[in-house]
Amino acid sequence: MTKNLLDFDLDGLAAFCEQLGEKRFRAVQLFRWIHQRGASDFARMSDLAKSLREKLSGCAHVAALPVISEHVSADGTVKWLFDVGDGNAVESVFIPEDDRGTLCISSQAGCAVGCRFCSTGHQGFSRNLTSGEIVAQLWFAEHALRARLGTQERVISNVVMMGMGEPLQNYTALVPALRTMLDDHGYGLSRRRLTVSTSGVVPMMDRLSQDCAVAMAVSLHAPNDALRDQLVPLNRKYPLRELLDACTRYLEHAPRDFITFEYCMLDGVNDQPEHARQLIDLVRPRGGEGVRCKFNLIPFNPFPASGLHRSNPQQVAAFAKMLSDAGIVTTVRKTRGDDIDAACGQLAGDVKDRTRAAERMARQRTIVLKPVA
């Protein structure tokens, strides 16, 4: 079986080339051709020795993910659905802005965490993506957008691991993919412009801080354990105190001096003044050292199976003001791509569920979710 070269970071590719009797500088050349120029045909790689190109043709390939569909929003957001085999498909979303281009990437086919407000969680979980399948989303999007815009300049300046899946539950594939994105011979992203979003897998947060510390976002969504247990089931394993301690440890190594807490605003569930006061006490405890953080309030994007509703704009604004008045930097996420189901929490793809999530979620829909003070 031939090797997919998208699976390798530069060190891995150098080791592979060494097995072929080649020096490291050949791996650098090959890496640049693949990631900077978007080449998948070894015959195009003109500065590689013909003998190496022939070797590669017999033992390696560059495997793009088949594109099932592409949708473009009225606001310019682009969503791609990629086929990852065995009846599974994952989604990636490009969000253009005046000063940046952000790509939201998936790390798993489905998700096993099962957050109540997330469409992906309702799809269940099939499998982890490989490093190559993670990188292939960036590889395709970057070079497809360059071709569309008629430019050789970099289009994607920021990558967020906020698509389908919990990245830190796919750690062994995640880290080589991050290293490829950061490598100056690859995509050359700054550690500050590469963000991993987690629902709070505490041991892997500690490992990432040592192995490949990039910007960190944490899906918080509740100010106390009782409510977070309902919204983010992983909280039952790693409760808030453990999670916040992990955030503090992570900041010792992080490229940014704050953690971004993501907070999906759910009408009547987690959006009341008391919840804001509890959040303030959580991250700014009286008499204790708090977590350096900012909050990103996310308007909920409804989907039929959730049984939940979006907080009204006035409630979101009042909630944000309470946090801001307490000295916490707070933003409200602008909804992008909701007309093509590309907004936060809407990515679902097509998942061959191996966790019976649909059955569990159907049972949960009969339970009235109530805020817990």
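Heads up, the Cβ atoms here are built off N, Cα and C, so glycines get one too.
Keep in mind it's a predicted model, so treat the numbers as computed, not measured.
In Swiss-Prot this protein carries:
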- GLU91: active site, proton acceptor (ACT_SITE)
- 97-339: domain 'Radical SAM core' (DOMAIN)
- CYS111, CYS115, CYS118: [4Fe-4S] cluster binding site (BINDING)
- GLY165, GLU166, SER197, SER219, LEU220, HIS221, ASN301: S-adenosyl-L-methionine binding site (BINDING)
- CYS344: active site, S-methylcysteine intermediate (ACT_SITE)
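Distribution of Swiss-Prot features across the structure.
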residue	record	DSSP (3 states)
GLU91	active site, proton acceptor	strand
CYS111	[4Fe-4S] cluster binding site	coil
CYS118	[4Fe-4S] cluster binding site	coil
GLY165	S-adenosyl-L-methionine binding site	coil
SER197	S-adenosyl-L-methionine binding site	strand
SER219	S-adenosyl-L-methionine binding site	strand
ASN301	S-adenosyl-L-methionine binding site	coil
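GLY165 (S-adenosyl-L-methionine binding site) sits 11 Å from CYS115 ([4Fe-4S] cluster binding site), taking the C-alpha atoms as the reference points. With respect to LEU220 (S-adenosyl-L-methionine binding site), the closest of these recorded positions in Cα terms is CYS115, chosen from GLU91, CYS111, CYS115, CYS118. SER219 (S-adenosyl-L-methionine binding site): 25 other CB atoms within 10 A of its CB, across all protein chains. The most densely surrounded of the binding-site residues CYS111, CYS115, judged by C-beta neighbours within 10 angstroms, is CYS111.
It is 18 Å from the Cα atom of ASN301 (S-adenosyl-L-methionine binding site) to that of CYS111 ([4Fe-4S] cluster binding site).
Model confidence over the domain 'Radical SAM core' (97-339) is summarised by a mean pLDDT of 95.
Ranked by CA distance from CYS111 ([4Fe-4S] cluster binding site), the recorded positions GLU91, GLU166, SER197 have GLU166 at the top as the closest. LEU220 (S-adenosyl-L-methionine binding site): 29 other CB atoms within 10 A of its CB, across all protein chains.
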